[in-house]
């Protein structure tokens with residue numbers, strides 16, 4: 001059994017590729033079924049966010065394993081293998097465990113130490129449990145990663161400063177608009193990222209917010225908290241002209257805001273500028289919008305420069321966190337190896353007990369037939385001894401014939417010989 005982590009993220013692939021490799025919530029069950037149907041896969045978890053798509057797998061080692069999994073991923077998304085291969089990373093066993101722990105702790109995020117990723121990893125794990133069989137080692141790896149993430153956040157200052165994609169989007173808005181108290185902000189979506197954006201905006205005295213979402217109930221709960229108006233996605237075209245700032249983060253597989261929609265809004269605004277921050281993957285705003293005069297479009301990748309300015313104080317904490325991850329990953333792999341030994345011990349004990357039971361049954365039968373008790377006990381002891389030492393004796397003889405002193409010493413140690 002081998003543990004694997006493979007995928008792409010914001011460091012290895014541009015948004016144009018990442019959006020083609022995402023797994024939407026609507027198709028996740030189907031994707032998991034397809035993945036677990038692969039003969040080498042024993043268990044799997046799919047993590048798909050704005051900044052990464054990753055597969056965490058428990059697999060049986062086989063020839064061309066990497067090729068088979070890349071082929072599955074490309075076939076599922078109708079991708080050219082060469083396009084994906086150049087951006088794909090592949091981690092195995094200890095490296096896979098360390099990678100997941102780093103991801104869950106926010107150490108591999110676009111925003112170092114951001115807390116949202118832990119919730120996303122937990123959701124990915126929970127989704128994989130719904131009607132899908134998972135390998136126990138994979139489950140244990142995820143549970144351990146959750147506790148490591150908690151330890152990192154508790155024992156270091158990795159989360160001391162409020163830095164996130166949501167925070168960066170608000171920082172960008174403050175850089176472009178002198179005061180946010182007089183602007184109207186349209187938020188598209190009502191997920192966790194938009195919730196954070198809305199709270200940041202409220203803290204910076206934004207008075208007018210509009211939340212557009214597919215389901216009104218979820219949006220209304222957020223609107224009640226921050227004092228916003230709620231509209232449906234179909235109302236965006238009519239209301240876009242009211243917005244000075246648009247920040248969008250949905251799970252839609254297709255763009256929600258098109259070039260024509262923005263052109264009409266700009267015309268109604270008499271070309272007053274609009275800031276559009278698209279932090280969704282796949283993108284919510286057609287890239288062509290950025291070519292329009294007075295429409296200033298930023299994608300999630302464009303936020304990197306803003307985010308970089310807020311990371312200095314987290315670097316020392318990240319070093320401490322990496323030490324924790326290294327230690328915990330090593331302990332997990334020791335546990336995993338011990339599980340393999342435990343299975344061997346169980347098999348050895350079971351085999352010994354079978355030999356004991358077989359010979360004891362024969363001895364009792366001989367006693368019941370009136371045989372000499374002393375002779376029967378001596379015979380039992382002799383046969384039991386020979387049966388138990390037969391396999392180790394053969395191994396010792398073979399090691400001696402091979403001149404394998406290291407194996408001989410291991411066998412001597414295993415048998416408790418001085």
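Placed from the backbone N, Cα and C atoms, the Cβ positions cover glycine too.
What Swiss-Prot says about this one:
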- 49, 50, 51, 52, 109, 114, 115, 116, 120: substrate binding site (BINDING)
- 50: active site, nucleophile (ACT_SITE)
- 99: site 'Important for activity' (SITE)
- 189, 190, 191, 192, 193, 194: NADP(+) binding site (BINDING)
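Positions of the features from Swiss-Prot, shown on the structure.
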residue	record	Cβ contacts under 8 Å, 6 or more apart
50	active site, nucleophile	18, 165, 193, 249, 279, 280, 281, 300
51	substrate binding site	9, 10, 18, 109, 110, 281, 300
99	site 'Important for activity'	5, 91, 108
115	substrate binding site	106, 153, 159, 164
189	NADP(+) binding site	212, 213, 248, 249, 250, 251, 280, 284
190	NADP(+) binding site	211, 213, 215, 218, 219, 222
191	NADP(+) binding site	249, 250, 251
192	NADP(+) binding site	116, 119
Sparsest Cβ surroundings (other CB atoms within 10 Å) among the binding-site residues 49, 109, 120, 193: 120
Other residues, Cβ within 8 Å of 189, 190, 191, 192, 193, 194 Cβ centroid (NADP(+) site): 187, 195, 196, 197, 249, 250
Near-site residues: substrate, ref 49, 50, 51, 52, 109, 114, 115, 116, 120, CB cutoff 8 A to centroid: 106, 110, 111, 117, 165
Spatial separation of residue 49 (substrate binding site) from residue 194 (NADP(+) binding site) - C-alpha basis, Å: 14
Surrounding CB atoms that lie within 10 Å of the CB of residue 194 (NADP(+) binding site), all protein chains: 26
For residue 51 (substrate binding site), the three-state class that DSSP assigns: coil
